[in-house]
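Listed features, source TrEMBL:
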TRANSMEM  9-29  transmembrane segment
TRANSMEM  41-62  transmembrane segment
TRANSMEM  83-106  transmembrane segment
TRANSMEM  112-132  transmembrane segment
TRANSMEM  153-171  transmembrane segment
TRANSMEM  183-209  transmembrane segment
Amino acid sequence: MREAEIRRLLVANLLCAVSIVLAAVVPAFFLDGFSVLGTHLTWLCVCSVCVGTLNIILHLVLKPSQSPKRSSFAHKISRFLKCCIYFFMSCILFHAIIVLYGAPLIESVTETFLFAVLLSTFTTLQCLCLLGPNIQAWIRVFSKNGAMSIWESSLQITSVCSVLGAWFGAFPIPLDWDRPWQVWPISCSLGATFGYMAGLIIAPLWIHWNRKQLTYKSR
C-alpha cells in the first residue's frame, strides 16, 4: 500500500472537514444574523452545498476510481442523470426513515427534508462519486471485507460515523433541558456533522495503522 495514496486521502478528508468549518463561519460575513443554531436551515443548505461541491471537485481532480475505459459523452450524461436521480431518491428514503424513527410527519417537513439532504450528502453523494450509480458496488463495499481500496475503506468509515452521529444526536431531544439546540433537527444534524468529521479524521489514521494487515484484492 503506497504511503502517497494514504497522504492523498488524508489531504482530501481534511479539506472536507475544513469546508464544514468554513460553512459555519464564512456565511456570517455575508448574511446578517447567520449562525448554526439561529439560522439552522440556512446552515444546512450551505453545509450540504459546500461539502457536496468539494466532494465532486476532489473526485474529478484525484480520480480515485478512474476507469481505464473511455466513456462516450452520451454515457457520461446518462451516468450524471442517474446520479442525480439516486441522490434525490436517497433524500426521500432518508426522510422516510427519519419519520419512522419519530420525526414529525407533517410539522417540520422542511427541517426533516433538509436534514435528510445533509445525511445524503455525507453518505450517498460519496458513494456516487466513488462508485457511481452501481447498487451492486455499494452492497459490496458495505459488506464484510468488501472494500477494494483505501478510498472505499474511508467511505465505509465516514458513512457509518455520519449515521451513528445522527442517531446519537437524537438522544438529547426528549430531555427536559429547554436548550436552543434541542429543537428539531439541530442536535441530529450536528451529531451527523461531528460524526462525519470524526470519520474523516479516523479513516486515514486507521488505514495507516493497519496498512500491513490491509490487502485489497480485485474482485
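Quick reminder: no glycine exception, Cβ is built from N, Cα and C everywhere.
A Cβ distance under 8 Å defines the sequence-distant neighbours of the transmembrane segment (9-29), meaning residues of its chain 6+ beyond its ends; these are 35-36, 42-43, 46-47, 50-51, 54-55, 58, 62, 150-151, 154, 158, 193, 196-197, 200-201, 203-204, 207. When Cβ-Cβ distances below 8 Å are used as the criterion, the transmembrane segment (183-209) is approached by residues 1, 6, 9-10, 13-14, 16-17, 20, 36-37, 40, 44, 47, 98, 103-104, 108, 111-112, 115, 118-119, 122, 150, 153-154, 157-170, 172-173 of the same chain, each at least six residues removed from its ends. Most Cβ pairs within less than 8 Å of the transmembrane segment (41-62), among stretches 83-106, 112-132, 153-171, belong to 112-132. Residues 9, 13, 101-102, 115, 119, 122-123, 126-127, 130-131, 141-142, 147, 187-196, 198-200, 202-204, 206-207, 214 of the same chain lie 6 or more positions beyond the ends of the transmembrane segment (153-171) yet place their CB under 8 Å from a CB of it.
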